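Participant: Following this message is one structure expressed as structure tokens.
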């Protein structure tokens, strides 16, 4: 068969012949054409373009929804679609949890691929609620605190994360983030040409730097090239900080929490500028300037600066009941300073991840409602900084170990498990060899002789050094082909032959990084902080995977408590009992593998085209090396020859028996009959399973879809026939009822005529009246006629004046905020009542929202504010207004608002939600606003995303009583309006207004208390109007031509004064 033109093959597994040259030619030509995606069976290869190729807009997103993979060009959106369809069990797949593994070198585009997959998954589940918008903001938020610029990547992830998206019946209900091994050492030290975490540079772009006591960025020890970076990218950093604050607002961080976060980040920089000086008298150490950086850092952290100095310069131990003070030398003091800075930042990052998880957890997760999940792994790429003149340290060893583990997982699923199943099922198969990296994993993870085990062992010895550790490695692994000792025996250097190549590690400070201990007294100092955030994160417990636990999710058994007390004890021997960083990382890798093994994996291989990060340039040798060490040639071969889909007989028949016979049971013969009827070729039948290629699944799915369309067509015909027959039946019934009514009317007319005739006879003077009264004949007796059914007694009828509509309903509220933590939802029900009825909305507004709609400059309700009115009512108010005229109304169906405004030829309606931090957002818009007033002001200057105009003027009340009179609280009164006077907004009581400006209700009442208060209010007369307000009302001159009618007479005046 002739080979297709170069660059036109979308699936490399479809090529009859493939070697290194052909593989590289195809990928290079496609990259030149900006076709950065290529399939290898069900595996996606993605080459980083280092530019925007314009294939991620709404048009492309809509194109990749429930698609046939071979019918569309390869795309990252197709991976998201495949995972989502498999989650739901569509397309011949068995429903279940999915995981998407994105791997590649640092700078290959893994983080961007993760964001695109999450974006498409939100589109696929048609999510546009507050929850989906929050989830979309998680990655940018974590990038600010966990990503940094390296020599390999401008936005390198310095931590690993596994994002679990929780679904229920295809709808996104929540998310959870698991983070792995934050590179805390980057806080205090960076390689030449690299930078610290992005968040540090955000501190210098606005006036906030002065509030945090910061000067020039170049003056801080912990920022490499800080001043140059800020000056060079000031505009970009300013925009990134604004995006970060908006993301924190949207996810749910309060203003106070954000202020505390920035204060803690700034304190790290101040800690780094603490200098030490040796006392000439006793060789002890003291802080050079007690009123300098140490004082500012202590103030930001809410702790005493003198205690900080003491913790950094000495330690106090207890020996035989006596306190002994031991002074540090300069190196020990600097180590204590760096340990404190890393602990502050590391725990802060852990708190941010914990906070996100608390805000995004599904409110009914514990109710076992059949949640499924799609996990997305975005982990640090393989790194070798020695190629760029840098050093590979402990963090690079852990990072590369994680990539070795992922490569092993890939090999297990693609090669080992699949080929073992062929043998087990008796399929004729020629073994495909692959590079098994399990021996290298054993080199790192084996006990008791492994790289990490020996590191833990050496960390236990107080006199252990990095050199003694490397000497142990050399002695233990001298005959291991994966380990190479350094020719420079005087330096702690060794090399490992990884699957991606040989990497040389410099074991400087490995023991200190593995111990990760704080100086004695520092934890207690932070736990007594006046800063609530600092106190919280240092009182939290560290789990066995190194994450921060604040929610009490750990076991509360007696043994667990004992183990926790051992692991968190402080003192000079705490390092011996504390779990090490290496052990934490091993535990987290084990848990990660368990999660992925319980899901169906989908693989994405990201390739980096060149080292220079230049668009349009592909270094063939560099790319070929990546393809070879990831085993892509072997992967293509097994995908071309193998069978990626292997359902059991029972499952296959249950799924596809409709194509043949619904009576089929699930035997191998039944499977063969289905496959033959579908006219498929190239499949295999094993002992218990059917072996199919993805092309077979697509063909079977196409047959199912075709049959489904036929079934729908038949249903349409049958339903049409039944509907027409029902119409004829109802038409005949209507005719019979019409005839009955006409007969009734005729009888009524006859009876009326007879009655009139009798009446005339009785009243005629010429007629002689009998002495007995007239009695109705049986024929004219109404009771007799009714008994016979010939006289229909009229029934009471309800009169309507058109379509009836619940005034409080918001028919435009198509989207609702279903996410709420279980405790919070229960508290809302207790306080306000069940969401979705008018009384609950009224309770919610009165107790929590009055201050949000008051125009405090005039002590009146805002002119744009309206009560619980329907969509139709709002459209009637806006009908004759100018373009952009707007109002905000309280929703009845949910605790929130709706923005309604006049557009070109109709009115538009947008839902407004209040976030957990009490800020506001228009659903579907990215911007978070601190108040409704700010929201209005912003969109008077900035267009909505899908409307090309601005908001203009507010729409006030119609004539008569204001439509929010039901929402007025007890501490607010209003002036009654005359019916024919354009109404004014209700003025707010000055005392109440001042209260609203200063504080919000701090003592919420329960729903029962609110109900009782409302009943009591209804049972008493209206409150008296203040005399001065009444006089102002009758003397008001702004409504000329109107005369206020006073109550007539002195009695009426007395009634007014007495409030009657």
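Residue 1 is the first one shown; counting continues down the chain.
Each residue, glycine too, has its Cβ placed from N, Cα and C.
Quick paste of what TrEMBL says about this protein:
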- 104, 105, 106, 107, 108, 109, 110, 111: ATP binding site (BINDING)
- 555-566: compositional bias 'Basic residues' (COMPBIAS)
- 754-767: compositional bias 'Polar residues' (COMPBIAS)
- 1043-1060: compositional bias 'Basic and acidic residues' (COMPBIAS)
- 7-705: domain 'Myosin motor' (DOMAIN)
- 864-955: domain 'SH2' (DOMAIN)
- 549-573: region 'Disordered' (REGION)
- 589-611: region 'Actin-binding' (REGION)
- 754-780: region 'Disordered' (REGION)
- 993-1060: region 'Disordered' (REGION)
Participant: Within the chain of residue 109 (ATP binding site), which residues six or more apart in sequence place their C-beta under 8 angstroms from its C-beta?
Facilitator: 46, 48, 606, 608
Participant: Which sequence-distant residues neighbour the region 'Actin-binding' (589-611)? Criterion: at least 6 residues beyond either end, Cβ under 8 Å.
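Facilitator: Residues 27, 31, 42-50, 76, 79, 82-83, 86, 96-110, 113, 152, 162, 164, 178, 180, 373, 375, 377, 381, 401-402, 405, 409-410, 413-414, 545, 617-619, 622-623, 626-627, 630, 632.
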Participant: Within the chain of residue 110 (ATP binding site), which residues six or more apart in sequence place their C-beta under 8 angstroms from its C-beta?
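Facilitator: When sequence neighbours closer than 6 are ignored, residue 110 (ATP binding site) has 102, 103, 104, 157, 378, 379, 381, 606 within Cβ distance under 8 Å.
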Participant: Would you mind listing, in sequence order, the residues at least six apart from residue 105 (ATP binding site) in the same chain with a Cβ closer than 8 Å to its Cβ?
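Facilitator: Listed in sequence order, they are 152, 381, 382, 383, 500, 606, 607, 608, 626.
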Participant: So, by DSSP, how many helix, strand and coil residues make up the domain 'SH2' (864-955)?
Facilitator: 16 helix, 27 strand, 49 coil
Participant: Applying a 10 Å Cβ distance cut-off over all chains shown, what neighbour count does residue 111 (ATP binding site) have?
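Facilitator: Other Cβ atoms within 10 Å of residue 111 (ATP binding site): 23.
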Participant: Taking 8 Å from the centroid of the Cβ atoms of 104, 105, 106, 107, 108, 109, 110, 111 as the cut-off, which other residues in that chain fall inside it around the ATP site?
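Facilitator: Same chain, not in 104, 105, 106, 107, 108, 109, 110, 111, Cβ within 8 Å: 48, 153, 381, 606, 608.
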Participant: Summarise the region 'Actin-binding' (589-611) as counts of helix, strand and coil residues per DSSP.
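Facilitator: Summed by class, the stretch gives 9 helix, 8 strand, 6 coil.
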Participant: Taking the Cβ of residue 107 (ATP binding site) as the reference point, list residues of the same chain whose Cβ is under 8 angstroms away and which are at least six residues distant in sequence.
Facilitator: 48, 152, 153, 154, 156, 381, 608, 613
Participant: Across all the protein chains here, work out how many other Cβ atoms are within 10 Å of the Cβ of residue 106 (ATP binding site).
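Facilitator: So the number of other Cβ atoms within 10 Å of residue 106 (ATP binding site) is 22.
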Participant: Around residue 108 (ATP binding site), which residues of its chain at least 6 apart sit with Cβ under 8 Å of its Cβ?
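Facilitator: Non-local contacts for residue 108 (ATP binding site): 46, 48, 381, 606, 607, 608.
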